[in-house]
Every structure is written in C-alpha cells, then in structure tokens.
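Down below is the structure, laid out as structure tokens.
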Amino acid sequence: MGLIIIFFSLVFILTGPPSLTNAGSWPPSPGFYPSSKFKSMTFNQGFRNLWGPSHQAVNHDALAIWLDRTSGSGFKSVKPFRSGYFGASIKLQPGYTAGVITAFYLSNNEAHPGFHDEVDIEFLGTTFGKPYTLQTNVYIRGSGDGKIIGREMKFHLWFDPTKNFHHYAILWSPHDIIFFVDDVPIRRYPRKSDATFPLRPMWLYGSIWDASSWATDNGRYKADYKYQPFVGRFTNFKATGCSAYSSPRCHPVTASPGRSGGLSRRQRMAMRWVQSHYMVYNYCKDHKRDHSLTPECWK
C-alpha cells in the first residue's frame, strides 16, 4: 500500500494535477432542454439577407454563409424582439480560420447607430491544432467613438464544433440573459440595474467576416485567404418570444422548468461545471479593466 501511495505521489510531482480541460468529457445534465420547447423555422421564414448575397446559399433548411477575399456575408431577422429565445444549430469551418468571426447575435445598431445594444455569440477563428474560442458579449448603449464597453466571457468547448452541428442559443428576458450550448447554460448575465441591461428591441443577426485586427490572439494571427472560402453553416433556427409589435401583455418565455424563469439548481450546477473547466476569460476578473465602467461586476 505504501509503495502505491509513493508511486502516485511521484506521478503527481512529475506530471502535476489533472488538466481542468480533461476533467470530464461532458457537462452534467442540465435536466431541462429549452431548445426542444421552441419550434424551429426555416431561414426563409424568419430571416433575410443583409449583406453579401453572393456569399450566401440556402439548401433545404440549412444556410451557408462564407468569407473570401472579396466579401463576407450577413443575415437579419424580419422583425425585432423585446425578449425571447434565439437559437441555431451551427457548424464551423475546420483548419486554419484565424482572423475569421462567425457570429450569431442580437443588436439594434441599425436603429440606434453609435448608441446601440448588443448580445453576442461569436466564434473566434483559430490556427491549426488550436481550439475555437466561443466569445459571449453584452453591450449596453454602446458608443460609436471607439469607447464601447464590452462584457466578454470566453470559453473553449468540450467538443469539436467543426465535426457536427451543435445548438447555440441566447435567452433574453426582462430579468437576465442566458447563453446556452446544446441546452447547457454557460453564462448568466442578470439585470442588476437598468443602466447595465439592454432594454430596447433588437433584431437577430448572423454573419461571417474578417476581424484580423483582434479575433485571434489579439490580432497576432490574421486571416489567410489561401484557405478560403471560410464557411459557416446554420440550421434549426429558433426565434420565439415577444416581438416589438406584440401586446404589452406578452409573457416572456423562459428557459428553465420553473415559472419564475432563471435557472434550476441542476442548470446552475451544469453552468458552474462549464465555467470551472472551459471558461478562459472573464471580464470581471481582468485586473487591467476599469471596473468603474462595469459596475455589475461588484454590485
């Protein structure tokens, strides 16, 4: 017995503690699957091309958008929402994708240019052998003068997002914003004050574009068009909730089994697991940031 203890002690000394990213293959079950509660739509039922029409193709229920040296592409929902569940199954480009952003997000930038709200799911492209980074972000009444305040939380994923479609979603209610990956909540952004929460109607968007100046390792690696085209594939669209045209009595949807909304105990456990094992950046814990501009971090 003593020899066994000595052996494992030596292994620990030589190799260190187990890697967090390998401490379990999948998150605990959240016990509730909101994507199954909301009806899917085709691209043509709920969206229209916004830019780059020649870099966009609809095949049955799936949409492909791509970036090459001539253009990227984007799409937009036909109506704005003031709350709801917004999801899509997405498959990303494998290989070298540094500098490329594939995004699925809510925004009202066209209605409020220079002073808009935005809630982002962004996939930051990568180099060979390195994982994609999923960035979640929230902007509130952002400035167009370069002083926009991001509230980024970044994650690696517990699967390869280039192998199969996976479902990514945003739940935006009057009380909080919750980000989901395959129905597992990865981040909850609560409404702590009106000043730090988006309250105006937003449209749902998707896009692929060149963000070489910052997307990969803070701009160290740029888009390389010898690997073009860079393709993002979307299907299983969901956009359910209170539109800007709904009655004021429209009841916001929830993404938990309880009527009060929020997250259940099992959902919170799954979220903590993901954040413990796969979160790679949290703006509230970035000591280089001026947190007087992000009061929700300390309230």
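Glycine too: its Cβ is placed from the backbone N, Cα and C atoms.
Per TrEMBL, active site, nucleophile is recorded for Glu118. In this view, Glu118 (active site, nucleophile) is surrounded by 19 other Cβ atoms within 10 Å of its Cβ, with every protein chain counted.
The active site, proton donor annotation in TrEMBL covers Glu122. Counting only residues at least six positions away in the same chain, the Cβ atoms of Ile101, Thr102, Ala103, Tyr105, Leu134, Gln135, Thr136, Asn137 sit under 8 Å from the Cβ of Glu122 (active site, proton donor).
Summarising the annotation, TrEMBL assigns domain 'GH16' to 22-234.
Annotation source TrEMBL lists signal peptide at 1-23.
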